Amino acid sequence: MIPTVPQPAFAKWCYRAYVLVFFVYLALPLTVVCVFAFNDSVFPSLPWEGFTWAWFFGTEDPFVGVFHERAILRSIGTSAFIAAWVAGLAVFTGTCNAFLFVRHSFRGKALLYILMLLPLIIPGVILGISILVFSSSIANTLEDATGLWFDGLRPGLILVILGQYSFITTFATLVIAARLQKFDPSLEEAALNLGATRLGAVRQITLPFLMPAIVASAVVAVLMSFENFNTTLMLVGSDSPLTITMFDKLKQGSTPVLNAVSLLLIVASAVLGLLSLMFQKRKD
Amino acid sequence: MVSDGSKLGFYLLLAPILLWLAVLIILPHIGLFVVSISERVGPREYEYGIGNYVTFFEEPLYWRTFARTAIMSIAATALTLILGFPIAYYIAKLTRGRTKTTLFLMCMIPFWVSELVRTFGWMILLRETGVISNALQYLGLVDGPVEMLYNDAAIMVGLVYTSILFMVVPLVTTLDSLDDSLIEAGYDLGGTGAAILREIVIPHAMPGIVSGCIVVFMLSLGNYLTPILLGGKDSLWFTGMIYTQFITRFNWELGSALGFLLLLLSSAVVFLGLKLSRQSLAETMGRA
């Protein structure tokens, strides 16, 4: 079925109807989440009690809005802190990896490339528990040997950052390496001929060329970090990031304040995602 | 491309990846395996043995949940492929320019949103006081509220929803590269629509189908949120059991063994998928 080959009109309309139904299916859950953020009722469900902004700005119990709900605000801060670290670390390692895989040939390169891809096929829960088990056994050994406490190796922010970093780096590597492959090495050679040092040429010619990929992978890293659940769940300590806080509230059955947070998340991630795509497109 | 003079640079580039892979991927998984073959014989005393794996096979709850998780993940993968293929084909072959970009982006938006939010949306839709139940009552199709949440069908809906993007994107990419004239030639030679689909389109899309299926299967197998939130009291999922052993029961040895089994299953499926389609991990995943 392609445009140049005529098809019965009925089949065509059926196909279009299916595509339409599919997109309704895609949009439906997100739409209801957003709509119920404005329902003037303490449950995120029907009946519709009227329109309200209370779930954003409300201060009176039970109508406490997002901007006055301390637990949620604190967890957004925690998530942002984690995301910034993860994005920074992942982009740095990803850039190094891209140069390594695109510019160098060495023994064991194919094997190292496969190992680099492995985090993609390890379920997030397993990544989480393996890092948990490993860091705890190191902490136990160190504590037995020195008699000191090593809280950084116990569930908490550091482990959450490391856990997310462990698989987000692979995405950063793939995005940046794809861009580096398109780079014309003769540009760098020209800079060298003009008297630039090797490092100077990379900094002034290659890195600016890579910038769109670096920014895009940083944005993707932030998004993935913000929304990660499985790995984080296993490594989280007393400071819980947003997804964990929301999960706890969801299990208890929460007010539509959750819808309001979700709406903000949807808007933020759609904007960030589109920006990163546009940024990548424009520079290509 | 690189002279001996940049040997130092090479090692500096090599350091981060080795550190990352060794400390966060390889050693933790070896550690996980070592813990999984440890048995507790007394307080802080352990012995090596396969007791945890024996427990898994002797306790029907564990291996039944394991099998259930695997079977439902396979079903979710098949369903995602069947539902996603026509969409990918539509985007790749029947739309052009702006429409194509828009449809493609619309497919990706749910992916950017946290899985928690997506699952929450399904809870609002499916629960007894939810939107669909009310709509059905309003239309007069049912008499009282219907509970559609907390069963396996709800889990399926959620799993397919969560992972459909990972099926559609690789399919669109491979179908895009299929030359229209090949399909035209198929029609010219008298092929029916079904024959062309079987002989031309599907063989060409095979790499996309395989990578899509691998990713969707893995995501379903490793999913935690969807089965916990959409499934009922009896709809156990294997990741939930691992969580229980680790966090609730504090039985890390058994939990590690269960985790290792899940890892084995998912690796085996990836390996089989790649072998069957004669592809390598690098080319399948590198496209991501």
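The chain as shown is numbered from 1 upward.
Even glycines carry a Cβ here, placed using N, Cα and C.
Taken from TrEMBL, the feature domain 'ABC transmembrane type-1' covers B:66-273.
The transmembrane segment annotation in TrEMBL covers B:12-37 (among others).
Same-chain residues lying 6+ beyond the ends of the transmembrane segment (B:70-91) with a Cβ under 8 Å from its Cβ atoms: 100, 103-104, 107, 152, 155-156, 159-160, 163-164, 167-168, 171-172, 175, 201, 205, 208-209, 212-213, 216-217, 220-221, 265. What TrEMBL records for B:70-91 (among others) is transmembrane segment.
Only residues 6 or more beyond the boundaries of the transmembrane segment (B:103-125), in the same chain, are considered here, and those with a CB under 8 A from a CB of the stretch are 87, 90-91, 95, 131-132, 149, 154, 157-158, 161-162, 164-166, 168-169, 172, 225-226, 229-230. Annotation source TrEMBL lists transmembrane segment at B:103-125 (among others).
Taken from TrEMBL, the feature transmembrane segment applies to B:153-172 (among others).
TrEMBL lists B:208-230 (among others) with the feature transmembrane segment.
Per TrEMBL, transmembrane segment is recorded for B:250-274 (among others).
Recorded stretches compared: B:153-172, B:208-230, B:250-274; the one with the most Cβ pairs under 8 Å to the transmembrane segment (B:12-37) is B:250-274.
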